[in-house]
Amino acid sequence: MTVEASGEAPAATRCGFVALIGAPNVGKSTLVNALVGAKVTIVSRKVQTTRALIRGIVIENNAQIILVDTPGIFSPKRRLDRAMVSTAWSGAHDADLVCVLLDAKTGIDEEAEAILAKAASVNHDKILVINKVDLVQREKLLALAQAANERMPFAKTFMIAAISGDGVDDLRSTLAEMVPPGPFLYPEDQMSDAPMRHLAAEITREKIYRKLHQELPYQSTVETDKWEERKDKSVRIEQTIFVERESQRKIVLGKGGATIKSIGADSRKEISEILGVPVHLFLFVKVRENWGDDPDRYREMGLEFPKE
């Protein structure tokens, strides 16, 4: 057994997967980013922006916490919807711990009720995380926590405001204590298992949603076609935004190309900040009819293609 200079044996490491499940827009992606301390997943006012399982990686004391940000769980209508919901529940069943998020303002509505009922069948310790507590009076929060715990037993209950970070440190510390003993699965300086090409595409997709949240429906996706690291340390990135109809392509381009220029500028700025080097971003918009029914697109997003 190795012994440190202090004469004490080094603390045994812990490592585990923690799945975050909940209704769309409950704040899962914001919480992942707050726990990690950096942006690893897309955040938008628009529901259903997370499509695949994105892992954020946190080191807390002697523990490595691998966060699985699942797509929001809802009643699926399209093929893409069904794939996203299936992915979310797979992430919950495969994890070591499950955090069930509730929106403090919405409470236990029909959507949350269905999630709680199904989450009860997951055979792992479950933690109740009530988010957006800054928007609700304390008495209502206590009643909500009690109502949720009556529906299923939670190992712990946390009340947080992910967007401001209130309560996040306590949650992180508890997750570190609850993940099982084991060696780290990722390098200590790694914050996500998503390739940078993928994260760059997600950042551009987020900017599209922020800019066009009223006009553009969900039938759009972004792919990073080219990633070139140049001699001057800058990075040249080419991305294609795919939409399903010509009318959508015109919306993304905007009058005189103004909209696509604005999206590109916002995306380039954020990617550059993350990489710490200048970024030259070139965006193209193409029509790919019925891409939502193409199995190859699902594989690229890390989703299983549902037969029907």
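Just so you know, glycine gets a Cβ as well, placed from its N, Cα and C.
Residues or ranges marked as GTP binding site by Swiss-Prot on the basis of sequence analysis: 22-29, 69-73, 131-134. For the recorded site, Val133 (GTP binding site), the DSSP three-state label reads helix.
What Swiss-Prot lists as domain 'Era-type G' is 14-181.
Mapped onto DSSP classes, the domain 'KH type-2' (212-289) shows 29 helix, 28 strand, 21 coil. Annotation comment: Swiss-Prot describes 212-289 as domain 'KH type-2'.
Applying DSSP to the region 'G1' (22-29) sorts its residues as follows: 2 helix, 0 strand, 6 coil. The region 'G1' annotation in Swiss-Prot covers 22-29 and rests on sequence analysis.
Swiss-Prot lists 48-52 with the feature region 'G2', giving sequence analysis as the kind of evidence.
The region 'G3' annotation in Swiss-Prot covers 69-72, and the record cites sequence analysis as its basis.
Here the region 'G4' (131-134) has Cβ contacts under 8 Å with residues 26-27, 31, 101-105, 141, 159-164, 166-167 of the same chain, all six or more residues outside its ends. Summarising the annotation, Swiss-Prot assigns region 'G4' to 131-134.
A mean pLDDT of 95 is what the model gives for the region 'G4' (131-134). Within 10 Å of its Cβ, the residue among the binding-site residues Asn25, Lys28, Val133 with the fewest other Cβ atoms is Asn25.
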